[in-house]
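K.L.:
Attaching a single structure in structure tokens format; questions to follow.
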Amino acid sequence: MGLPSHTVENGSVLVDSGQSRLRELGYKQELKRDLSVFSNFAFSFSIISVLTGITTLYNTGLTFGGPISLVYGWFIAGGFTMFVGLSMAEICSSYPTSGGLYYWSARLAGRNWAPFASWLTGWFNIVGQWAVTTSVDFSLAQLIQVIILLSTGGKNGGGYEASKYVVITFHGAILSMHAIINSLPISVLSFFGQLAAVWNLLGVVLLMILIPSVATERASAKFVFTHFNTDNGEGINSKVYIFVLGLLMSQYTLTGYDASAHMTEETKNADKNGPKGIISAIGISIIFGWGYLLGITFAVTDIPYLLSEDNDAGGYAIAEIFYLAFKNRYGSGVGGIICLGVIGIAIFFCGMSSVTSNSRMVYAFSRDGAMPLSSLWHKVNKQEVPINAVWLSAFISFCMALTSLGSLVAFQAMVSIATIGLYIAYALPIFFRVSLARKSFVPGPFNLGRYGVVVGWIAVLWVATISVLFSLPVAYPVTSETLNYTPVAVGGLLVITVSWWIVSARYWFTGPITNI
């Protein structure tokens, strides 16, 4: 059956092509279809948020390889991420539903494997999304802590250092604000999403120019483009190993663009605009992210000092860079603190969009009966917003962050699912597309033609590669404090999901359920 690629006329009523395709897939239109292609792009771009990911994990990039890992690793991770995005966009064009990845897996895995493929993909996707929201909002809580520290004199000037209980309180307050905003009608949320995209773009441009311009001491071009930092203090000497670990910053940043797929039931002409949202969000993030990395790295002159917990920012590298740039130039670091505020607002928007994407995934997954108390989570209110799904997502993300009170190592295990777990969910439907459905897949308006299978295999192999690389130890000797808990967390999620399937779900979960 040919797929509609434009708004079609049904009698005297114009039917949106995305809505028409949704009916063909067996679902009635329940959410308000009011998002433009820019709004769809804005949600993914805001979740990728280069200001969020790079700022949060810049310490990791500096520690493992420094400028070389930052400047060149960004393009390596970005290039392969684009392969993943292109494959997802092609599938999204054919199946534009809020369920996104897990629905794709069900349609592509074949009748016999559909329920299990859908189950596995769905749970990796939804838990990965909760972990993303957890890590984003927790990073904002930590940044607020650093802003307060610098505003009260810095670590060396008797500044106030918030306890872990204060930080978790910040986290809860931020999540509550995000849930309240996401309870508003989609038209209001669309405005915030577009504002977030503009803020991220302008913020990146402002900071990449302002910081190196204000800094009294700047790194040379030779340092930025050729210096490789091997002094990581973690007992790792292999340059290849160090470079690989430095890639984590880039790959963590370039996640979350599945939001465009989850918002398709609210996007006009989603079979075309959903794919455009995915690809443009990745492409623009790669370009602007590299500019931000360059601008910040030109202000780096002393890596050990920036990473030292004894500096004014307590070891938060980018905060220290901003603070020193203005303090050395004007005698006061207030300008740097204001710049951190610009990043803080970007992170806030990132968390807001992340909750939006989470809630749509919960809505769709529960609509198909995959979640406990499913009938509760897929209800929509008078504004056509899945209100219960919104608050459930915020609550679970807060619970995941509570692990930080016991141990930051335990919390890092939760956060690791945000990268590896989510990318596994990305790779599963792509794998089914290039293997089981290689000949049966019917492309939508956006498709890769004869290159679809090749691009898909590259995407799958890249996800398999980073799943191994980011599970390697990050320090030697390996102890309970330095152990990389990524394989434990992701493996644990796999065991729980498969066990639940074998013991119970295989008897009642049949995959996506049509409601027409």
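Note that Cβ sites are derived from N, Cα and C of the backbone, with glycine treated the same way.
Feature table excerpt (TrEMBL):
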TRANSMEM  37-58  transmembrane segment
TRANSMEM  70-92  transmembrane segment
TRANSMEM  113-132  transmembrane segment
TRANSMEM  166-185  transmembrane segment
TRANSMEM  191-211  transmembrane segment
TRANSMEM  278-300  transmembrane segment
TRANSMEM  330-351  transmembrane segment
TRANSMEM  385-403  transmembrane segment
TRANSMEM  409-432  transmembrane segment
TRANSMEM  453-476  transmembrane segment
TRANSMEM  488-509  transmembrane segment
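A description of the local structural setting of each listed feature is requested, covering burial, neighbours and distances.
P.N.:
The list of residues near the transmembrane segment (37-58) in space but at least 6 beyond its ends in sequence, with Cβ under 8 angstroms from a Cβ of it, reads 70, 132, 135-136, 139, 143, 190, 193-194, 196-197, 200, 203-204, 207, 248-249, 252-260, 263-264, 267-270, 272-274, 276-278, 280-282, 284-285, 288-289, 292-293, 296, 317-318, 342-343, 346-347, 349-350, 352-354, 356-357.
Using a Cβ-Cβ cut-off under 8 Å and counting only residues 6 or more beyond its ends in the same chain, the transmembrane segment (166-185) has close neighbours at 32, 133, 137-138, 140-142, 144-145, 192, 348, 351-352, 354-356, 359, 383-385, 387, 390-391, 393-394, 397-398, 401-402, 404-405.
Sequence-distant neighbours of the transmembrane segment (330-351) (same chain, 6+ residues past either end, Cβ-Cβ under 8 Å): 46-47, 49, 51-52, 55-56, 133, 136-137, 139-140, 143-144, 146-147, 150-151, 154, 174-175, 177-178, 192, 195-196, 199-200, 203, 206-207, 210-211, 214, 312, 318-319, 321-324.
Residues 31, 129-131, 133-134, 137-138, 168, 171-172, 175-176, 178-179, 182-186, 355, 358-360, 362-363, 366, 376-379, 410-411, 413-414 of the same chain sit 6 or more residues outside the transmembrane segment (385-403) yet have a Cβ under 8 Å from a Cβ within it.
When Cβ-Cβ distances below 8 Å are used as the criterion, the transmembrane segment (453-476) is approached by residues 80-81, 83-84, 86-87, 234-236, 241, 244-245, 247-248, 251, 416, 419-420, 423-424, 426-427, 430-431, 433-434, 438, 482-484, 486-487, 490 of the same chain, each at least six residues removed from its ends.
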K.L.:
Select the range from 70-92, 113-132, 191-211, 488-509 that forms the most Cβ-Cβ pairs under 8 Å with the transmembrane segment (278-300).
P.N.:
70-92
K.L.:
Can you work out which residues elsewhere in the same chain, 6+ from the ends of the transmembrane segment (488-509), have a Cβ less than 8 Å from its Cβ atoms?
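P.N.:
Residues packing against the transmembrane segment (488-509) from afar: 115-116, 118-120, 123-124, 127, 369-370, 413-414, 416-417, 420-421, 424, 467, 471.
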